[in-house]
Amino acid sequence: MEWTQALIPIVSSCAMTIAAMPLFIGYFQMKKQGQAIREEGPKWHNVKAGTPTMGGLVFLVAAILTGIWVGRPWQNQSTPTLFILLFVLALYGVIGFLDDFIKIFKKRNMGLNSKQKLLGQIIGGIIFYLVYRSEGYPGTLNFFGIELPLGLFYGVFAIFWLVGFSNAVNLTDGIDGLVAGLGTISFATYGIIAWHQQQYDVLVICLSVLGGLLGFFAYNRKPAKIFMGDVGSLALGGLLAAISIMLNQEWTLLLVGLIYVMETASVMLQVTSFKLTGKRIFKMSPIHHHFGMCGWSEWKIDIIFWLVSIVTSLITLWFIW
């Protein structure tokens with residue numbers, strides 16, 4: 001794929017997102033529906049109450065339509081990879097959509113309970129793995145260049161990977177523009193890896209999501225006019241995990257997605273510390289809230305986290321090359 005061809009899915013998905021988002025925002029404003037702020041959240045988030053959410057639905061639809069259009073499966077120009085990744089994007093998006101819908105329109109602030117959400121994510125991971133193996137893809141784990149034949153245990157790993165990173169991105173989505181920027185960097189990185197491996201279906205999906213995120217960022221940067229919601233964050237995390245598996249570069253997500261890992265680790269450490277000692281390690285978790293309570297502005301947190309992500313992504317590409 002030439003660089004000029006690579007612009008097609010980016011521009012297409014970005015344009016659809018930019019064009020549709022004002023209508024989506026207008027609908028929420030007309031219905032007077034928006035984000036509810038949890039009482040245990042940061043106090044400065046109270047000003048965000050009522051901001052439209054579920055914006056991830058717009059860029060997901062744009063990315064899926066673009067992926068189908070550019071991939072042209074009806075002309076037999078695509079491989080099963082295209083369908084598998086579109087399936088993951090759609091399924092985890094549906095789980096997030098149900099969670100958001102219950103929060104906003106059913107006025108139940110917690111949305112799906114943790115067991116319901118986890119069950120949906122696990123089922124999604126199981127279906128992904130079964131389809132993945134049925135198409136003859138290898139069940140070996142690439143651990144920093146070392147191929148580990150895990151057999152059936154690779155299925156357990158794949159499910160854990162999708163569930164873990166879908167939740168990790170969801171935890172990271174806590175301030176204006178953060179995940180939109182991180183996602184742009186992550187999908188650009190995997191797009192480069194896919195191009196290097198000549199996995200063009202993966203490249204098409206990466207570029208389609210990248211374009212959607214660029215269009216979404218125009219409305220999600222501080223002060224955000226709309227949030228992506230769980231429909232966006234769960235889908236992005238699940239897709240990143242699936243892409244790393246399809247490229248047989250699972251380990252790279254630990255570097256490319258280092259911020260997501262840090263955010264999740266901060267929550268786990270905070271909960272463990274409080275249960276064992278009654279003391280908190282951070283002022284608030286996930287860790288972006290800790291920095292916020294230390295006086296950092298949202299823009300400062302965004303920029304520093306983006307820079308860290310760029311550096312770790314470049315290190316990843318250096319390792320692969």
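Each Cβ is built from the backbone N, Cα and C atoms, and glycine gets one as well.
Through the fold, the transmembrane segment (6-26) approaches residues 52, 54-55, 57-59, 61-63, 65-67, 69-70, 191, 195, 203-204, 207-212, 214-216, 218-219, 225-226 of its own chain, all at least 6 residues removed from its boundaries and within a Cβ separation under 8 Å. Taken from Swiss-Prot, the feature transmembrane segment covers 6-26 (among others), and the record attributes it to sequence analysis.
Note on the transmembrane segment (50-70): residues 8-9, 12-14, 16-17, 20-21, 24-25, 28-29, 32-35, 82, 85-86, 89-90, 93, 96-97, 100-101, 104, 204-205, 208-209, 211-213, 215-216, 219-220, 224-233, 235-236 of its chain, located 6 or more positions outside it, place their CB under 8 angstroms from a CB of the stretch. Annotation comment: Swiss-Prot describes 50-70 (among others) as transmembrane segment.
Long-range contacts of the transmembrane segment (82-102) within its own chain (CB-CB distance under 8 A, at least 6 residues past either end) are made by residues 53-54, 56-57, 60, 63-64, 67-68, 71, 73, 108, 111-112, 117, 120-121, 124, 127-128, 131-132, 135, 162, 166, 170, 201-202, 204-205, 209, 229-235, 237-239, 242-243, 246. The transmembrane segment feature in Swiss-Prot is assigned to 82-102 (among others).
As annotated by Swiss-Prot, transmembrane segment applies to 118-138 (among others), with the evidence given as sequence analysis.
Among residues of the same chain six or more beyond the transmembrane segment (143-163), those with a C-beta under 8 A of the stretch's C-beta atoms are 88, 92, 118, 121-122, 124-126, 128-129, 132-133, 238, 241-242, 244-245, 250-251, 253, 319. Residues or ranges marked as transmembrane segment by Swiss-Prot: 143-163 (among others).
Away from its own ends, the transmembrane segment (175-195) comes close to residues 1, 6, 169, 202-203, 206-207, 209-210, 213-214, 216-217, 220-224, 228, 232-233, 236, 240, 243-244, 247, 249, 252, 256-257, 259-260, 288, 292, 298, 301-302, 305-306, 309-310, 313, 316-317, 320 of its chain (Cβ-Cβ under 8 Å, at least six residues beyond either end). As annotated by Swiss-Prot, transmembrane segment applies to 175-195 (among others), with the evidence given as sequence analysis.
Positions annotated as transmembrane segment by Swiss-Prot: 200-220 (among others).
The feature transmembrane segment is assigned by Swiss-Prot to 226-246 (among others).
The transmembrane segment annotation in Swiss-Prot covers 251-271 (among others).
Among the features that Swiss-Prot reports, transmembrane segment is placed at 301-321 (among others). Among residues of the same chain six or more beyond the transmembrane segment (301-321), those with a C-beta under 8 A of the stretch's C-beta atoms are 144-145, 175-178, 181-182, 185-186, 188-189, 192-193, 196, 222, 249, 252, 255-256, 258-259, 288, 291-292.
When the stretches 200-220, 226-246, 251-271 are ranked by Cβ pairs under 8 Å to the transmembrane segment (118-138), first place goes to 226-246. Packing against the transmembrane segment (226-246) from elsewhere in the chain are residues 21, 24-25, 28, 35, 48, 51-57, 59-60, 81, 84-85, 88-93, 95-97, 99-100, 111, 121, 124, 128, 132, 137, 158, 161-162, 164-170, 172-173, 179-180, 183, 186-187, 190, 194, 199, 202, 205-206, 209, 216, 219-220, 252-253, 256-257, 260: each is 6 or more residues past its ends and has a CB under 8 Å from a CB in it.
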